[in-house]
Ligand code: UT7
């Protein structure tokens, strides 16, 4: 096995803000309820002509500018998303062409909802550490505003748009991916979905509105139960202790879920990083956005151990402990 590491990161959010006050004009809700129950203050919303592939391209442009990186030698593009521009072709193929990535590169979308970025990271690590690939572009991106029902107060207050991208490259002898854990439980498929061809799962009739539908309570209970167990499994697989984890980055679904997850783990809440306060729940983008926020704010440093944990529709979950070893930055991040 060869080593692998994350060498560069970039991210992007659209410029249009949707605040809690804006939402008060759209549905029967209020800023106090939203902040108390979720911790979310604002979300970013794509333009009508701006799609997931556009968010991906902008995140990679940020990465290239900051780290002086080229994508000319990328040999695999993995895009984790639940809101692809089309069922097919893939966002990954569109991004490959847009960014001038070689025609010999593989390109594939991965569907694991809010756990998608960590699933894609796991795959990139497997591809690079096996020696099959050398430079894998991993993007988590979602334009959830395109499938959010802005008449439904239980979902419209949660979701936003964004993208985060990283490069996974050979890391010499040392593997910076210290351990991971994957899981799924399709018996909960009906709790968060958007229908496609079928309108029934597990014998349950689904609402074929073309919009995202969520039973928030059920997903909440499942995640608060499942994520702490998953984190312990990551640590066991990595042979690491929780006390060695410098930053914990759970999926930014809701601040009121991150608190009990930290409590159950007995992990200091101050060392949890999240992107939900000003970006909402951005699904596959939420973890790379939180990581990049931590880097942009100077909190997250090379050499630190970071535990990422995604969870969501499927129901799926995925965790990874990494030791950060980014290349030096040569340019400033593009402001959000
Ligand atoms: O990213 C994929 C994974 N997704 C998640 O992990 C989401 C997990 N779930 C959640 O984040 C939370 O369950 C929600 C934020 C979706 C909902 O929060 P909650 O504390 O679970 O509220 P609830 O659904 O139990 O509703 C409590 C009350 C209800 O009123 P009654 O029946 O008690 O009178 C709702 O009708 O709050 C009401 N309510 C609202 N009130 C004001 C629901 N949404 C709103 C709203 N504004 N936007």
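The backbone N, Cα and C atoms fix where each Cβ goes, and this holds for glycine too.
Record features, source TrEMBL:
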ACT_SITE  114  active site
ACT_SITE  251  active site
ACT_SITE  281  active site
DOMAIN    108-186  domain 'Beta-ketoacyl-[acyl-carrier-protein] synthase III N-terminal'
DOMAIN    235-322  domain 'Beta-ketoacyl-[acyl-carrier-protein] synthase III C-terminal'
REGION    252-256  region 'ACP-binding'
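A simple way to gauge crowding: the CB of residue 281 (active site) has 25 other CB atoms within 10 angstroms, across all the protein chains here. Away from its own ends, the region 'ACP-binding' (252-256) comes close to residues 37-40, 114, 158, 219-220, 223, 274-277, 279, 281-282, 286-287, 289-290, 311-312 of its chain (Cβ-Cβ under 8 Å, at least six residues beyond either end). Rounded to the nearest whole angstrom, the C-alpha distance between residue 251 (active site) and residue 114 (active site) is 7. Neighbour density for residue 114 (active site): within 10 A of its CB lie 32 other CB atoms from the protein chains shown. Mean pLDDT of the predicted structure over the domain 'Beta-ketoacyl-[acyl-carrier-protein] synthase III C-terminal' (235-322): 98. Reduced to three states, the DSSP call for residue 281 (active site) is strand. If you take the Cα of residue 114 (active site) and the Cα of residue 281 (active site), they are about 9 angstrom apart, rounded to a whole number. Shown for the domain 'Beta-ketoacyl-[acyl-carrier-protein] synthase III N-terminal' (108-186): DSSP residue counts in helix, strand and coil, namely 26 helix, 31 strand, 22 coil.
The 10 Å shell around the Cβ of residue 251 (active site) contains 32 further Cβ atoms across the protein chains shown. Secondary structure at residue 251 (active site), taken from DSSP and collapsed to helix, strand or coil, is coil.
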